[in-house]
Amino acid sequence: MASQSEPGYLAAAQSDPGSNSERSTDSPVAGSEDDLVAAAPLLHSPEWSEERFRVDRKKLEAMLQAAAEGKGRSGEDFFQKIMEETNTQIAWPSKLKIGAKSKKDPHIKVSGKKEDVKEAKEMIMSVLDTKSNRVTLKMDVSHTEHSHVIGKGGNNIKKVMEDTGCHIHFPDSNRNNQAEKSNQVSIAGQPAGVESARARIRELLPLVLMFELPIAGILQPVPDPNTPSIQHISQTYSVSVSFKQRSRMYGATVTVRGSQNNTNAVKEGTAMLLEHLAGSLASAIPVSTQLDIAAQHHLFMMGRNGSNVKHIMQRTGAQIHFPDPSNPQKKSTVYLQGTIESVCLARQYLMGCLPLVLMFDMKEDIEVDPQVIAQLMEQLDVFISIKPKPKQPSKSVIVKSVERNALNMYEARKCLLGLESSGVSIATSLSPASCPAGLACPSLDILASAGLGLTGLGLLGPTTLSLNTSATPNSLLNALNTSVSPLQSSSSGTPSPTLWAPPIANTASATGFSTIPHLMLPSTAQATLTNILLSGVPTYGHTAPSPPPGLTPVDVHINSMQTEGKNISASINGHVQPANMKYGPLSTSSLGEKVLSSNHGDPSMQTAGPEQASPKSNSVEGCNDAFVEVGMPRSPSHSGNAGDLKQMLGASKVSCAKRQTVELLQGTKNSHLHGTDRLLSDPELSATESPLADKKAPGSERAAERAAAAQQKSERARLASQPTYVHMQAFDYEQKKLLATKAMLKKPVVTEVRTPTNTWSGLGFSKSMPAETIKELRRANHVSYKPTMTTAYEGSSLSLSRSSSREHLASGSESDNWRDRNGIGPMGHSEFSAPIGSPKRKQNKSREHYLSSSNYMDCISSLTGSNGCNLNSCFKGSDLPELFSKLGLGKYTDVFQQQEIDLQTFLTLTDQDLKELGITTFGARRKMLLAISELSKNRRKLFEPPNASCTSFLEGGASGRLPRQYHSDIASVSGRW
């Protein structure tokens, strides 16, 4: 084998001066002249043969050592006896150096008649042979990490070889060839030792995490890695931290370097460093890492049509980028980006897809039926090749697979050789490197369970056969290793064109979900029931596309949820749907209130299923809509406003008994606040008109939906005429908008656990989801959209048409105005329309603008009068965040807060100051300078009444009040959902 016949540079470097003659002493010593003369007549005989083979070095050394100590027969006696019994000549290395550093097995040469040679070889091998139990494993380790694995002076790899009893060979060619580097590392030894050495090598690999530190440079120099705080993090978590200034721009790249066998500490240290350097921005800064994978393996690892990588990205949440094959410089570097947990997990899964080759010898007289080989390949997800060795009476067996399937490779060897055991136990191969945290067994493999074994990698045949036949029920993860068909490699000819081969058995163990969920949920705070609902879990047994942001599968039902330390165990049972699964709305039942209450220490409020959590909510009629968009708040800190919201809702119930179903957190399909559920969805898309609704419910269910929709429509028409309900509904909406603004402006507390909920779902308060984007999404869903800016005549006709049909208002219109869609006219009296140009009409327009704004601060100016000095009158005693919120510059608030710049200091800034702060966008600087100019000019008028005449720049083009046009998929591209 190559690894045994070619000396590695490590082994060569370790050889001592006394072993320079080792090669000669390993070679057989020729017989005496008398022996050669006696054998001369037989040299030309047709029956004469000569065979050269290797014997186990350790056993031969032990034989010579025992003879030297007088405890056994010497090598001379052993070979002489065989020569006499078989009438052969045997040449063996009698001068073998005992205890030499060389691990190479010496050769024995036997000469004589063919039958005699065969008999002599059997006698020798019965004592000195271990080749039948010796294997060679070839694995991929990036050449850039070889020195890290070897260690200083070879100390790391020496210890691995001593502990495992294996010889590990690194490629010699890397020292001289600068263009092409080999990543292949060979391990030779006993199966258990080889597998243990493979896992140990993976643990020795470096783990490097990087992130970009924003806003450094002039005002904030690059942090010093020698500061006490950073040194404390470095020493506590055994990592090294370095900073590199980015050229031509602000910011710095932070690199955290640790070891794979210390993964948890590296992740914790990186999180601590992020928190220390970035503060509240830590959660928004992505972390990246990279893997060096040989370019020839990229297509294999990506899978057919990239299915393998897509599944890993969908499962972990990390972004994976393979380089352009035409790029000569970085053609082997794969980039990963995401959260700390997702990046590390995706890295593990990618390394589990690296190719692995197991080689061993088989006796020549062993014959294996090709059908048996094919069955083994299908069952064990491996490729098997058996070839005769030239000039040797044995066969060479090659087994190929991927690293996450290493155990099955040894299982294939056991079956081929007819052994009782594979020689490798599960405990031997388990390590943090070989098995990601949370997987109790290598067979619990998300890639294989999703049909992404070697078939999914695009190189296997069309047939599949499951090794596991237990019919356990479907779970969130089909976690057992579904088997696939044989891998076609270059050694077996051209690969046969195959179709996608989905797994036959989607089986899962009882612990399939309970051992996995924390892989996708980084902490207990994000593993609440609401977050599971919002995550929209697709079926992994099929290649179902991930749902658009805010859409959740219809048939996902939550049964129970238990908290055990930091791990969340849950069982999600439901119908596993094919790729065309439907997604339905997320009902705003009291689940949200239960989750909210549990976060504030209320022991009576336990998170439970829908049936126990919402005794007041109506039955399954709450899921009739086809789609609903969910707007998530930008800063979901509810500790400061949850009590206020619940108190407000309680007061609403006391003041109006008929509003018992109007509560935001208990609103269902029949609630009076139907606009809460449907604010961002098509108001006309009822159960009787939606094509998806017809597909959802067969027969009687469809009739029940129609009846519920009709009842709801009549109820809303009746309630729309009641001024009490109208005022309460408007009051609720405005109060909730104010509370939402306070929640977004509230500074997060480091020690506070912040849990996303659906409290503000569907109300359009989110700063990260502009109103214009929502309108574009509604337009994409075939909802008619009327522009907000109309001419005087269009506005007049619109007002008249709205006031002429009360029924139209009650049933909900396609207007962009929230009041009109919910049957609320200006001041509750929509039947009286004001004449064109009258103050009443202007007031109505301002109210429409107020309730159509994307957040509370955007709409304040509309309530101060058209002639008022909006900017100054709205910000009496206000602070800088509110001003930026009004100007649409909210994303720069953190920059100014970090530099401790308040409103008074802001008024003194110049264009150059803004540039030094990192405000590089011209439009943003222009808005800020205009605001500074306007506020400075009118500082004396800040406390004048609102009707003081002054010109507000916000009413002009600089304010950005004109409707902005967004691409329909801007929200998905921005990644801020």
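If you go along the chain as it appears here, the first residue is 1 and each next one adds 1.
Cβ from N, Cα, C; glycine included.
The compositional bias 'Polar residues' annotation in Swiss-Prot covers 590-621.
The compositional bias 'Basic and acidic residues' annotation in Swiss-Prot covers 692-702.
As annotated by Swiss-Prot, compositional bias 'Low complexity' applies to 794-803.
Secondary structure of the domain 'KH 2' (286-350), assigned with DSSP and counted as helix (H, G, I), strand (E, B) and coil, comes to 32 helix, 15 strand, 18 coil. Sequence annotations record features per position, and here Swiss-Prot assigns domain 'KH 2' to 286-350 based on sequence analysis.
Under DSSP, residues within the domain 'SAM' (875-938) fall into helix, strand and coil as 43 helix, 0 strand, 21 coil. Feature annotation from Swiss-Prot assigns domain 'SAM' to 875-938; the stated evidence is sequence analysis.
Feature annotation from Swiss-Prot assigns phosphoserine to Ser27 (among others).
The annotation phosphoserine is assigned in Swiss-Prot to Ser32 (among others) on the grounds of a large-scale study or a structure entry.
According to Swiss-Prot, the phosphoserine annotation covers Ser45 (among others).
The annotation N6-acetyllysine is assigned in Swiss-Prot to Lys400 on the grounds of similarity to another entry. Following the DSSP three-state reduction, the secondary structure of Lys400 (N6-acetyllysine) is strand. Around the Cβ of Lys400 (N6-acetyllysine), a 10 Å sphere holds 23 further Cβ atoms from the protein chains shown.
Per Swiss-Prot, the feature phosphoserine maps to Ser614 (among others); the stated evidence is a large-scale study or a structure entry.
If you look up Swiss-Prot, you'll see Ser681 (among others) marked as phosphoserine.
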